[in-house]
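Trainee: Have a look at this one.
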Amino acid sequence: MDRRTVCVLVVLWAMAPLGSPGSGLKALRRTTGGRRGSTGLTGQDANGVPLRRSKRGWMWNQFFLLEEYTGTDMQYVGKLHSDADRGDGSVRYVLNGEGAGSLFKIDEKSGDIHATKRLDREEKAYYVLHAKAVNRFTNEALEGQSEFIIKIHDINDNEPRFTKELYVARVPEMSDIGTSVIQVTAVDADDATYGNSAKVVYSILEGQPYFSVDPDTGLIKTALPGMDREVKENYQVVIQAKDMAGQMGGLSGTTTVRITLSDVNDNPPRFTKTFYEFRVPESIEPGSVVGLIRAMDADIGENADMEYRITGSDGPGVFDITTNRSTQEGVIVLRKPVDFEEKRQYSLRVQVENAHISPRFFSAGPFRDEASVKIWVEDVDEPPVFERASYVMEVKEDAGRSTLIGSVSASDPDDKSSLIRYTIDRRTDMDRVFNIHAGNGSVYVLGELDREQNAWHNISVVATEFNNPRQTSRVPVYIRVLDVNDNAPTLATNYETFVCENAKANQRIQTISAADPDEPLGGHRFFFSLAQEAAGKANFSVRDNKGIALSADSSTSTLTIRVCTCDREGNMKLCNAEALTARAGLSTGALVAILLCVIILLIIVVLFAALRRQRKKEPLIISKEDVRDNVVSYNDEGGGEEDTQAFDIGTLRNPEAIEESKQRRDIVPETFYPPVRRSMLPPTRDNNGDVRDFINQRLQDNDSDPTAPPYDSLATYAYEGNGSVAESLSSLESVTTEGDQDYNYLSEWGPRFKKLADMYGGDDSDRDS
């Protein structure tokens, strides 16, 4: 395609929107390679070679379509036509691309294109499609595929929409005209490049004359000076945005703007009253609240913060005022005690002022206010008042009973002539060392004092009104006990030292010190000397360090001096036995070693005793022949005394056969205790007499022997069977002899055998029946 063709296409593209939808159907040829033999001279190239142009093979258009079509028929878009189409129906037109077959349909024979649906430019502004012409019979392409565009023309079908449905803004009160408040923005979805469909103009529908809006930018500004928040705080402004540059027929949208005037400090505080009056009792404690005063400020927030101060008072320092930050009230506080008898009323001058003052409104006048306050003091029945807050007294420790120490004094502030009664709180004087005169408050000694035991006494004196005992007060009294020389000096307990036998004269052996619990003003100074019984020994002497002798009692102590053999350098080598014994001692390590040895020995003894207890005891039977203490258990019936195969009782029948020399292990040997003489019983002719005699003899021996251990064994000989005196006790043979037994005698044995008699006694009658 040459440059002229391109220029023509560009011009037609630009002119197309200005015409009607059908204007695009004008013939527009596109080079597709042309048909055979159809060439033409178009010019020469730079080398002079003639240029030839291919003849256009088929005609097509660039189509334009209006959006939002509301007709009942399908909207006609345009027509495709090929040069190969002779009108004989042999050419078939084919359409491909965006929306082909759904949004756009083509008539295969004529090439007419229609839109099947309403199109919205805001959804899609253009569609790209491809068209070609083929032989209907052979399906052979007559023309190559070509691309064309269907553009959607915009119409004003969208109204302007604000970015927010509700705007909120603040502007200071009393602002100047033209102060910017907030900017609103509306957006139109129509094509801004086509006509005025998207050209938006802003206007104010509600909110005049207080505010205005810029028609092009949507900036809202103040339009009225001196807008006072205290008069009106909130404003509602309605802004309209209209397209088509605001012309008639344009679409519009609205939004609401809520504007609040923010506070500035343009109002001074004002007291609600010019005179305040309060009453307080004279017993009120310092720091207590006397009353509240309040000033009102039309401003809010920090612009309403106030500061209160006392500018004048006839009682300086008695009262103070502070500000309650949460309520902005002035709090009058008592700083010093008040006394009805001294002053009955106080007058104050109080000022209030804003804490944050704006320089812009200085010209509006002073931002402060003043008020008068009168405070009345009410009389109350007060307790006695001592002349001092505390008392300090002194007394010597040797002071006798009833010695006067000092006195306290209190009076009734309501009536100076009222009588006062004084007492000592005995909880502070448990030993009752002191007492006080109830009438004049004189304190004197009641018990013995000892400075070394208690140098200070802290007691409480209570003053009570005589006419009103409920009114009491107390005061601390500190009594110091002064020292007197009433204690003798004491030496340390007995001293012990060593000295070489060749010591020189005047050699210092030991320094002796003394102590005295007394505390004289000049300090302690003692005099030392040998006792009278040691003064006659010339070997040793005591040297005094120029001390002053005391006139009080004296104290003595013993000094033991050991004389030892020393070398030339004075090192001791050998002392006498007494000295060595006196010096001997055990170190801590030795004591620990001894303690460990003792613990180990105790553990060994405990283990040995435990092993001995676990060791199995030896049997008492010395030999197999000694079967005197055996117990034989028969679990089956035997032959009784006649059965001699199970147990040999020959030994029992011949007690003389026992070895007299063999010692028993279960009794104390006769070497320690003399044997008990027992008389031998003559044998009897009874066959069982020897056994009975043996048992009786053994029983007698054990009963009469005080050294016999409790090793008695019981041998039971309860034999049964044929030949036994007791006869058979078994019930095994009762089945064979049941018919021979008569149990009627059971009914004679009483009620306890009634059940047994019923079971066996009635058998005969049952059998007879």
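Including glycine, each Cβ sits where the backbone N, Cα and C put it.
Pulled the feature table from TrEMBL, pasting it below:
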type	residues	note
DOMAIN	82-162	domain 'Cadherin'
DOMAIN	163-271	domain 'Cadherin'
DOMAIN	272-386	domain 'Cadherin'
DOMAIN	387-491	domain 'Cadherin'
DOMAIN	491-548	domain 'Cadherin'
REGION	24-47	region 'Disordered'
SIGNAL	1-21	signal peptide
TRANSMEM	590-611	transmembrane segment
Trainee: Helix, strand, coil: count each for the residues of the domain 'Cadherin' (82-162), based on DSSP.
Mentor: 0 helix, 37 strand, 44 coil
Trainee: When DSSP states are grouped into helix, strand and coil, how many residues of the domain 'Cadherin' (272-386) land in each?
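Mentor: Helix, strand and coil residues of the domain 'Cadherin' (272-386) number 10 helix, 58 strand, 47 coil.
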Trainee: Using DSSP, tally how many residues of the domain 'Cadherin' (163-271) sit in helix, strand and coil.
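Mentor: Across the domain 'Cadherin' (163-271), DSSP assigns the residues as follows: 3 helix, 48 strand, 58 coil.
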Trainee: Looking only at the domain 'Cadherin' (163-271), what is the mean pLDDT?
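Mentor: Mean pLDDT across the domain 'Cadherin' (163-271) comes out at 91.
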